[in-house]
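Trainee: The signal peptide annotation in Swiss-Prot covers 1-15. Here Swiss-Prot flags Asp93, Asp276 as active site, drawing on sequence analysis. The disulfide bond annotation in Swiss-Prot covers Cys106-Cys111, Cys267-Cys271, Cys310-Cys343. If you look up Swiss-Prot, you'll see Ser129 marked as phosphoserine.
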Amino acid sequence: MKWLLLLSLVALSECLYKVSLIKKKSLRKNLIEHGLLKDFLKNNTLDPASKYFPQGEAATMIANQPLVNYLDMEYFGTIGIGTPAQEFTVIFDTGSSNLWVPSIYCSSPACTNHNRFNPQESSTYQATSQTLSIAYGTGSMTGILGYDTVQVGGIADTNQIFGLSETEPGSFLYYSPFDGILGLAYPSISSSGATPVFDNIWNQDLVSQDLFSVYLSSNDQSGSVVMFGGIDSSYYTGSLNWVPVSAEGYWQITVDSITMNGEAIACAEGCQAIVDTGTSLLSGPTSPIANIQSYIGASENSNGEMVVSCSAISSLPDIVFTINGIQYPVPASAYILQDEGGCTSGFQGMNIPTAYGELWILGDVFIRQYFAVFDRANNQVGLAPVA
């Protein structure tokens, strides 16, 4: 029996490629330090809903991915594009599907402060005549699509289509800690029909299992990781509980209920949720979120943050997400974010009109508590408490 267990663990880790994620200061913190956040918030509406289910023409022509919604992101990984590889810091985002980075064709202030891809310095780059447009709150990032080899955690992903930005509106992006985005959602929401990175990796038989997994460390600058092609059981305790994907676009699942102190605070008759590494907070409909903010004593400060008394953490209850019959508690020490500047709420209101009814986003606040496996082969998400 022990040998069988050992063999199964070996099989799970076979062809497992890891990308280390580094925890950095968020764009919000950078803007606060430079005295720019108030101007930024005045000119940019912070609307997490705008990332999901774009309506009308935007749904087919544009990847609706306002970068204002990455304001609080802290986890970033490094990839290489081209031959020889040019390095970029990206967000590994399960809430979008395109890969894009700044290019030398972009002269916007945001691009000048970041790594820019130079096609002329890559012997494997192939140009196309296709264009890419990604909507921001204040305009669009426009660019072109090309093909090249992308190095991801030791995988050489050849002939990968990606976006090269030509314009990036908004001087605030000058201070962003990332260069671009690597989307890990389904191909159905990819702009311009571009094949997502993980799909291309799987199609080339570069990994042994059609899945990837994510571990986010709560405290350390390092230790967080995205794993392609396998599962490392040392990152979680107990067994993985599997949840069917309810709609193949985002990593969307059905939630049975959301409770605090045993009472339903939202989702009493079930609701939908998207497991999104590219969203830092727990987002939900504005009405129940407002009730939660009131319950935990959160109030808005001049920086638009919902501030909470740090001393309240020990007395506040867990918020419990029941998913596929299993309870997933998130303690106050996780949903209240602490740093040297004090304590802020990890909840954020948004309204998304969808055919699925009430929608929640389980962002990094949730994923720091639960190791997540994104299983494309079986269209399911695996969750287990982090080790």
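Cβ from N, Cα, C; glycine included.
How about a rundown of where these features are and what they're close to?
Mentor: Around the Cβ of Asp93 (active site), the same chain contributes Ile181, Leu182, Gly183, Leu184, Ala185, Asp276, Thr277, Gly278, each under 8 angstroms and 6 or more positions distant in sequence.
Annotation note: Cys111 (disulfide bond) sits in a helical segment as assigned by DSSP. Just so you know, the Cβ of Cys111 (disulfide bond) picks up 23 other Cβ atoms within 10 Å once every protein chain is counted.
Shown in sequence order, the list is empty: the chain has no residue 6+ apart in sequence with a C-beta less than 8 angstroms from the C-beta of Ser129 (phosphoserine).
Taking a C-beta cut-off of under 8 angstroms and a sequence separation of 6 or more, Cys271 (disulfide bond) has the following same-chain neighbours: Thr254, Val255, Ile258, Tyr356, Gly357, Glu358, Leu359, Trp360.
Packing around Asp276 (active site) is summarised by its Cβ count: 27 other Cβ atoms lie within 10 angstroms of its Cβ, all protein chains included.
Around the Cβ of Cys310 (disulfide bond), 12 further Cβ atoms fall within 10 Å across all displayed protein chains.
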Trainee: At the Cα level, what's the spacing in Å between Cys310 (disulfide bond) and Cys267 (disulfide bond), rounded?
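Mentor: Rounded to the nearest whole number, the Cα-Cα distance is 28 Å.
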Trainee: Run through the Cβ atoms and count how many others sit within 10 Å of the one on Cys267 (disulfide bond).
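Mentor: A count of 24.
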Trainee: For Cys267 (disulfide bond), which of these disulfide-bonded residues sit within 10 Å, Cα to Cα: Cys106, Cys111, Cys343?
Mentor: none
Trainee: For Cys106 (disulfide bond), which residues of its chain lie six or more apart in sequence with Cβ-Cβ distance below 8 Å?
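Mentor: Looking at Cβ-Cβ distances below 8 Å from Cys106 (disulfide bond), excluding near sequence neighbours, one finds Arg116, Gly143, Leu164, Ser165, Glu166, Thr167, Glu168.
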